[in-house]
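Right, one structure below, let's go through it.
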Amino acid sequence: SLTVSSTKLIECSTNSFSPESVRLVDGAGLCSGRVEVKSNQSWASVCEADFDRQDAEVVCRDVGCGAPAVLQGGLYGEGEGQTWDKEFQCKGKESLLLDCDTSDRENTCPPGNAVGLTCSEPDDVRLVGGGSRCAGGVEWYDQGEWRTVGAADWKRRDVAAVVCRQLGCGSTVSELLGNTTRGIRVSCSGFESSLRECRRSYDLHPGLTVICSDLLVQPDIFLTDPMGGVFRGHQGPEMFRGYNFTITCSTQPQYPGGSFHLTFTGSNRTQTQPAVNHSAAFLFPAADYSHQGNYRCVYDNYVFSHNFSSESELFSLTITGN
């Protein structure tokens, strides 16, 4: 007789990306090759027209490599699979390609335009577990694997200074020795440009955690106007008098809380709002000539028992009566 089991098969839907969202193939190593993304359980190449420098920065970061060096269509062949039907809209600061927005591609991709990418080799030092590339436990890539870095108590400040300098993360805010583990014990004078210039040994030691001053990523600043009063002028955005507009400050979701300050060089006034969902909107009811000038978003947050701050790029606004 045939016995039918009551066990049910449950299928779960997934996004067009899987956790293994991007790879570089047919290149000389892990950091070069044709860009492919995983879609519906298969790999698809990406059209050069849908991929720019900011997208490349995120892909290189996602696959664990350094900054993009070469970006060219057809550089590493066409591949045998399908072509990705979306256009990436990365800002360049995202950690993963999964974090980037996408939009539908309008045109077909002609042959010979599968984008190829060459990234620089990865930095051999990183900070992990701190929510930022400038905070966390120190690890050193050595002999094909990431190893915990530690230091003697009287050398931890010198080692931390070198780590922050090597990563381009500013100066040291704090350093802490943790649990004893096997890895690389480092001894520095504090003036070296990288850990490679320091003495090292392989033994048991307390792991080193470092917090650097450039903890927060640079916030974004942008203008919106629901009444259509802004247009692109020769010197940047221009706003008609009498129209309302909003300047929005936003940042990546590194840490909860914090606040945004909108500074204005036309006067000494500063507006402040708490960060809600990592952004804040500053409304201006009616534009007039007093609003003309340079604006900047400053994001402040209290993290790891210290105050941190990061500034956006300068945003220039011109007011016109015509």
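Cβ atoms are placed via backbone N, Cα and C, with glycine included.
Counting only same-chain residues six or more apart in sequence, the Cβ atoms lying under 8 angstroms from the Cβ of Cys100 (disulfide bond) belong to Asp55, Val58, Phe88, Gln89, Cys90, Lys91, Glu94. The disulfide bond annotation in TrEMBL covers Cys90-Cys100 (among others).
Take the CB of Cys188 (disulfide bond) and look out to 10 A: across all protein chains shown you find 22 other CB atoms. Taken from TrEMBL, the feature disulfide bond covers Cys188-Cys198 (among others).
Among the features that TrEMBL reports, domain 'SRCR' is placed at 22-120 (among others). Helix, strand and coil residue tallies for the domain 'SRCR' (22-120), in that order: 16 helix, 40 strand, 43 coil [DSSP].
Broken down with DSSP, the domain 'SRCR' (125-213) shows 17 helix, 52 strand, 20 coil. What TrEMBL records for 125-213 (among others) is domain 'SRCR'.
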Neighbour count, 10 Å Cβ-Cβ cut-off, for Cys198 (disulfide bond): what number do you get?
20
